[in-house]
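Annotation source TrEMBL lists transmembrane segment at B:20-38, B:50-71, B:78-95, B:101-123, B:130-148, B:160-186, B:220-241, B:253-270, B:304-321.
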Amino acid sequence: MPSETVLPDRTDSGTPAETPLRLVGIHKSFGGVVAIKNFDLDVKAGEIVALVGDNGAGKSTLIKIISGLYQPTEGEIWLNGQEANFRDASDARAKGVEVVYQDLALVVDQPVYMNMFLGRELTTGPLKILDRKRMATETQQLVDALDVRIPSAKATLSDLSGGQRQGVAICRATHWASSLVLLDEPTAALGVAETAKVEELILKLKARGAAILIVSHNMDQVFRIADRVSVLRRGTQVATRSLADTTHNELVAMITGLAS
Amino acid sequence: MSTTTQTEPSLLARASNVKWSNYVVYIGFVLVFVFFAITQTQYFLNPTNLTNIVIQAAPITIMAIGMVFVLSTGEIDLSIGSTVALSALTAAVVLQSTDVWWIAAAAGLAVGAIVGLVNGIFITWVRLPSFLVTLATMGLVAGLARQLTDLQSVPVTDKAFVWIFGGGNLLGLPIMVWWTIAAVLVGWHLLRQRRYGAHVLAVGNSAAASRVSGIKVNRVRLMVFVGSAMTAAVAGLLYAGRLQGARYTLGETDLMTVIAAAIVGGTSLFGGKGTVIGALIGSLLMSMINNGLILSGLNVSQQMIVRGAIILIAVSFSLRGKKNS
Ligand SMILES: Nc1ncnc2c1ncn2[C@@H]1O[C@H](COP(=O)(O)OP(=O)(O)OP(=O)(O)O)[C@@H](O)[C@H]1O
Ligand SMILES: [Mg+2]
């Protein structure tokens with residue numbers, strides 16, 4: 001089944017500025033194993049696109065490609081109309097791409113504010129001394145603005161619940177993302193209430209105009225928060241649909257490859 | 001302010017939440033101090049003896065600070081003891097031929113830098129576990145130290161060298177105390193006040209999280225091994241200056257004491273947590289125990305037995321708490 005995404009005109013000097021993410025013909029193989037073939041997708045500002053598929057379909061691989069951890073074997077990544085070539089994760093971060101990982105890319109023995117600024121710590125003075133005070137204040141403001149309930153910005157991460165930690169990770173992405181946020185199964189490890197809280201946060205991100213690509217195994221979640229959905233099956237992009245134009249059953253059929 | 005929806009925990013609950021393991025070293029320090037003060041009043045509390053405890057501890061303190069950084073990244077450096085000997089001997093040999101103290105010191109430090117780089121390169125580029133790499137370099141460097149002077153001791157007579165790295169006195173304080181203060185300040189600054197220190201702890205906590213956060217994980221790892229070997233080289237110079245000579249046996253038995261000082265001080269053996277002040281207190285504690293045991297008239301073998309037992313107890317206290325928390 002062909003993808004419904006319109007291929008960009010390659011002679012075009014750039015894509016419209018309102019397209020924070022455009023993937024063109026992304027292909028990735030690990031040695032002989034093909035993880036992704038010919039993947040195309042646009043994610044617009046203020047839009048949530050869900051990426052679904054069975055285990056091993058290639059979802060995390062795609063997220064890692066967009067975030068610079070892997071390089072695509074073939075294909076192009078366009079950010080806000082500019083072609084991007086990431087050598088590593090810090091390249092992508094410098095371009096305003098933020099990721100929230102399934103397995104929480106946080107350091108548990110450090111305070112919340114250090115996690116918020118991990119790898120980008122604020123310093124002060126000619127001696128470049130860590131500005132713990134300013135990091136804590138800014139973290140507290142952000143956490144308050146997004147209504148993430150944690151005891152304090154100075155609390156050690158290991159003292160927080162899984163939902164609170166994921167809240168911190170999303171706050172971090174919000175703080176640093178200039179246009180694009182990638183979420184790889186952000187609620188996989190969370191209970192019902194905490195999942196609701198995280199979904200609320202994601203919708204706040206959308207309201208702020210971020211382009212959001214979220215990987216999820218939870219179809220109800222996809223229907224609750226996403227605008228469009230793209231389905232991967234064993235590395236092949238099966239379809240990209242507006243959620244208004246599809247049903248739960250159709251989605252499951254596309255994921256599994258079995259007719260419903 | 002955003003706060004938890006739950007009510008604030010009671011004072012009692014908070015008191016029981018305090019991580020006592022963080023303070024084990026201070027409590028232990030006070031207990032041991034009081035014990036020797038009571039049992040060995042006459043000699044132990046003598047100011048000269050107390051200063052001696054700090055002086056004796058100086059090389060261990062400095063190496064324990066280097067070890068804090070290594071352990072904080074979740075690695076270990078077993079090669080420090082041999083590096084002490086090779087650095088001391090190299091400095092002594094160079095001093096004999098040049099008679100210039102700073103060239104000798106630079107040669108000793110260069111030994112540290114090279115050993116550290118070799119460790120670091122094998123750990124980051126060849127991706128071998130630090131335990132294996134430093135176990136191998138421990139033997140290799142010890143062999144070089146034996147080879148260098150064919151097992152002969154080398155005397156150190158240069159006045160400047162001996163003053164700076166041994167018996168000097170500055171503003172009424174022994175030079176060894178100044179070395180200790182300098183090492184603690186530098187170590188504390190690097191670990192607590194610099195981005196580097198934050199990255200060291202982050203790498204020890206989760207190398208994957210650090211990597212996706214843009215931290216140059218391998219560079220951090222390489223640096224901690226260079227730093228650790230450099231502290232061992234400094235310790236070697238201090239031994240050579242204090243004993244006015246170098247010998248291949250220098251530093252031979254220091255590894256256990258250094259690791260114990262760091263861990264008892266509150267640095268995690270599993271990475272992610274490190275404290276320089278704790279390492280200082282841990283090292284002083286070890287030195288104090290040593291001193292008290294000698295004053296108590298125990299012979300060398302008895303001292304070793306008691307010291308080993310004490311380290312075992314102290315380490316199990318601090319590590320048990322860590323795992324629970
Ligand atoms: N670094 C790698 N080296 C080799 N093969 C890899 C690598 N990373 C992923 N793969 C392979 O690529 C395929 C896609 O994996 P990926 O992790 O992207 O799946 P996923 O859709 O995220 O699955 P899940 O829902 O279980 O998280 C799998 O077959 C996997 O084995
Ligand atoms: Mg995955």
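In case you wondered, yes, glycine gets a Cβ from its N, Cα and C as well.
Most Cβ pairs under 8 Å to the transmembrane segment (B:220-241), among the stretches B:20-38, B:50-71, B:101-123, B:130-148, B:253-270, belong to B:101-123.
With pairs at least 6 apart in sequence, the transmembrane segment (B:50-71) and the transmembrane segment (B:160-186) have 3 or more Cβ pairs within the 8 Å limit; the two touch. Listed stretches B:50-71, B:130-148, B:253-270 were compared with the transmembrane segment (B:20-38); the greatest number of C-beta pairs under 8 angstroms is found for B:253-270.
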